[in-house]
Amino acid sequence: MSFHTYPLIFVLAQLIFTYGISSLVIYQLFCQLLNAQGDSKKRMLAYSLGVGPISISWLTVMLFLAFPGHANWFYMAFINTIFFVPFILLRKQLYDFPLIIKDVFANIRTYCSQDKPAFFILMLGLVLIACSFILAIFLPYSENDALEYSMLAKIMYGQHSARMYPILDGTQFGGFIAPFTHPLGYVGIFIWSYLIQGTAQHFGLIKIVSPFYAFCIFTLIIAVLSHANRRLAYLAGLLFIATPLLLNGVIRHQIDALRIYTFFTFFMFLRELPFWEKWQIILPAGLLLGLCLFSHSIGILAIPIFWFIYLFFSREHFFTTCKRLILITFIGLLFVVVRYAISFHAIGYIIHDGTIVRSVPSLHFYEIYELINGIYTNAQKWVNGFFSLFSNTLYFGVSYSILILSLLFIRKHHIYLLIKDGISSKDYTEGVFAVSVLTVLCFFGMVVLSILIKDDNFIASGRYMMSVQPFVAILGAWGLLKCCEKIQIKYQNILPLLGSSLIFFMALSFPINNVFDYKLSLTTLFNSNMAKAKHVQETYNLLAYFSKNTSPDSVLLSFRNAEAAYYANHRYVYHTDRKMLPVYTAKDKSQAHQALMDLGINYLAVPNHPLSYIDQSYLGELIGDPAFSELVYQNGSSRLYKLYDNPLSYSATELQLTNPDFSQRNKDRQLMNWAASWNKRGNGIAKDVYDGVVLCNTSPSHSQTALFSGNSYKIISEAFNRYLSRQTTGDIVLEPEQTYQLNVRMRGYGNVMVYLAEYTKDGYLGLQKIWHTISYGNESKNKQVQFQSSSLASQYRLVFVLDGQGWINLQNIGIRQIHYSHKPIDPNEQKKIELITQGWRVTSPNPVRTYFDRLKKVLGFRSVHLNFVDNWQVRSMEGSEVELNITPDASIPYVIHSPLLPYQENDVKKEFHFAIKGKGQAVIEVLANSIQGQSYHLFKEAINLTDHYQTVDINLPAELFKNTLILIRI
């Protein structure tokens, strides 16, 4: 593998070739084949805008299959030659290219000067496109699917071969497996990006792939609609890019933009087929179909939809229609026939996603998957599957809702024209609408059919449901403008302005949350991928701890594939590797433990979400039993367990809980010490249950029922987390930073989350999710989970939440503190706990979040956002002195808070003395509150830190203050 990067000028030249010249060559070929002139050349330019990079991807993969093992220059020279030869030979097709571009921009400028709302709508869409590029570059590359594609590309780049795919055995690649059969369209672009940047050691150029294809779709939507109504074109483009879930996928580097682009481009090109009598039209159509199939497995749906639309709605001669159908399909299949053959030989399927472990009957994989995703019952499949497109505007935007609204404006002549002309209308825009309507009807007809036959492939992922999003945006824009025309008001232009502004701001929910959650600021933009991801994604903190604190020969069982491949820095076994079959088919806990030992696994990184592989196998019992697994690290609800060859010796102290078996009830048969909250009619706590308590949700839509300790029974009319935040104490006392085991006897069907509501002496601290499990079965089972108590909280409330439709019978609960005989007491940890108890804190405020908190305060809202940091250490020194150490993971601000120090004597000066060393600058501040409640700055000084201790002496005036607080900003 090449580890050096190429000169910047070379990378820039190849970048221009990849995203510019290659698509120009496709444009030249299209124009040459069809002898395109005038407006048809503009359309060919729009169709070919993103075809170049995906064509390079296909060539790269084919070269890696046919000629593996060559140097980088071999592949780059070959592909550059393939494109530059026609670029030169067909240069006459570019003679009028500057005039076309000039004319396009002149038309946009002229129209926008005449129609200010249209200009405003266009600007909103371009702002979202610009945001997608900026955030895609600076947000961490940390989503699972995107990481799997990039890791696969990294392996292929390292081997200079694509022959190892699909990867069924992770032994060769440190544990990474790729058992799916997706064609390598996205991966091929990544490989090419690694080739032209000279290394796969950083993500680099692959971050711009997804926003580039979002821009291509946006541009193509405008291009195909601009002939009729530019306001319609710009609004359709905005509706597309403003789809929240899709925009989030773009900035988080998902494949959706690429696969939607190839699908959309192929079907828009269908509009061209009736216009051209030349037989050569089948060549660009076949190319676009082939690239659609090559981009993703779901592209195979293009073939039946294409056959249906072209066979029944093309008004050409029947023989011509059939001939074109066969030839275009044949050409398209040529692009993937090799991949299909390899997949069938390796796995036995042309298209497949999964491994043999999913077929283990006892895992109930597909049933559990449906429970987790809220599509278990028939009602849920409709409500949370198909109809969520129209109801969940937070994810899918307003396009689908507007699509329903559009039905009000359909007249008989619209239906008549669709049946009469089909996609062969002489009016180009009418043909575009015909293709959009037919594609949407065909696709969602398949979705409905899949639900009727109880197949979840479409509804299992909202991202798959958005495959026809550009077509929906086109139809939705038409309906929205029709609605605005029907509403007669004095200032008619204000409606599209308000509507487009609402669409724009709804789309910003995911980007804004990403900026806040990942703490993006000017000082953190260039932090490492790992440093950014650790702010939000618990798995990265687990992997960082594992990589730093375990021996090189340690082997990890990971439930995250690509994350472990990138950041574990150890060998690992992925949980769906076929080597795990003996673990999942074990007959008891000891047999499962031995199977893990046989694989050399001595650590388990358990994620914060439920999996059938844990809940329905003996893995769940292993990680819940302190004798077999020691909880060594916890971040949020993600945990790292250490396995030992032989059972550990430990002792346990049982906590005294109030009404742990739910048997204590008042005269009205209501629970003592437990309160409940639910948010949908039909949910709640079942009455007259004598064996424990039953939580039930009958609504198929998303709903929750919560049961929490610490209150005499009552029904809370507000969300449980809001109610708990207004309480000040808990009923359960846990020692700080200790390991506990929660035991629950339960049965039923549903998604169960368990939280601890944390309280300090100052009040509510927050909710800590300690468990997320799936109950599946009428038989009662004892389930256990280990967790670590907070370093800050002193009191807790236990919270059980049934999430989504189902019922859960909780019969008994217990909490035990775990003590290991082999684990010595760390005096430094004890000292840290003492400091925390006294009130010392370390926080990491987000500058952007702080600004908004101040704004809320100005507007009269109470909002204080402090990110508590736990990665600081304490070292005992001579006497009573201690050393407090902070090692920042990233260039973000840290603040050390002292406890509130009493300051009540008005005739005695206060003196503070301490020493400090480090790197950078520290700002020492002392704040004071007067008896009257006013705040004062008593001291502030900036110190340039060095490697040697500097003494800081603070002398405060002898005045009457209530208390003081020392802040050290780093």
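Each Cβ is built from the backbone N, Cα and C atoms, and glycine gets one as well.
According to TrEMBL, the protein has these features:
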{"type": "TRANSMEM", "residues": "45-67", "note": "transmembrane segment"}
{"type": "TRANSMEM", "residues": "73-90", "note": "transmembrane segment"}
{"type": "TRANSMEM", "residues": "118-141", "note": "transmembrane segment"}
{"type": "TRANSMEM", "residues": "173-196", "note": "transmembrane segment"}
{"type": "TRANSMEM", "residues": "208-226", "note": "transmembrane segment"}
{"type": "TRANSMEM", "residues": "232-251", "note": "transmembrane segment"}
{"type": "TRANSMEM", "residues": "282-313", "note": "transmembrane segment"}
{"type": "TRANSMEM", "residues": "325-351", "note": "transmembrane segment"}
{"type": "TRANSMEM", "residues": "386-410", "note": "transmembrane segment"}
{"type": "TRANSMEM", "residues": "431-452", "note": "transmembrane segment"}
{"type": "TRANSMEM", "residues": "464-481", "note": "transmembrane segment"}
{"type": "TRANSMEM", "residues": "493-512", "note": "transmembrane segment"}
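Highlighted: of the candidate stretches 208-226, 431-452, 493-512, 431-452 has the greatest count of Cβ pairs under 8 Å to the transmembrane segment (282-313).
Within its own chain, the transmembrane segment (431-452) has Cβ neighbours under 8 Å at 224-225, 267-268, 270-271, 274, 301, 304-305, 308-309, 313, 381-382, 385-386, 403, 417-418, 421-425, 458-459, 465, 467-468, 471-472, 474-475, 478, counting only residues six or more beyond its boundaries. Most Cβ pairs under 8 A with the transmembrane segment (325-351) among the ranges 45-67, 173-196, 208-226, 232-251, 493-512 are made by 173-196. Outside the transmembrane segment (493-512), and at least 6 residues removed from its termini, the chain residues within Cβ reach (under 8 Å) are 116-117, 120-121, 124, 127-128, 131, 135, 231, 235, 238-239, 241-245, 247-248, 251, 393-394, 397-398, 480-481, 484, 487. Long-range neighbours of the transmembrane segment (173-196) within the same chain, counting only residues 6 or more positions beyond its ends whose Cβ lies under 8 Å from a Cβ of the stretch, are 6, 10-11, 14-15, 18, 53-54, 56-58, 60-61, 64, 72, 75-76, 79, 148-157, 162, 165-167, 204-206, 209, 255, 258-259, 262, 291, 293-297, 299, 336, 339, 343, 347, 349-355, 556, 558, 561-562, 564-565, 568, 571-574, 576-577. Listed as Cβ neighbours of the transmembrane segment (232-251) (distance under 8 Å, sequence separation of 6 or more from its ends, same chain) are residues 118, 121-122, 124-125, 128-129, 131-132, 135-136, 139, 210-211, 214, 217-219, 221-226, 257, 260, 394-399, 402, 462-463, 466, 469-470, 472-474, 476-478, 480-481, 496, 500, 503-504, 506-507, 509-511, 514. Comparison of 45-67, 208-226, 386-410, 464-481 by number of C-beta pairs under 8 angstroms to the transmembrane segment (118-141) places 208-226 first.
Contact between the transmembrane segment (464-481) and the transmembrane segment (208-226) is present: at least three CB pairs lie under 8 Å, with pairs separated by 6 or more positions in sequence.
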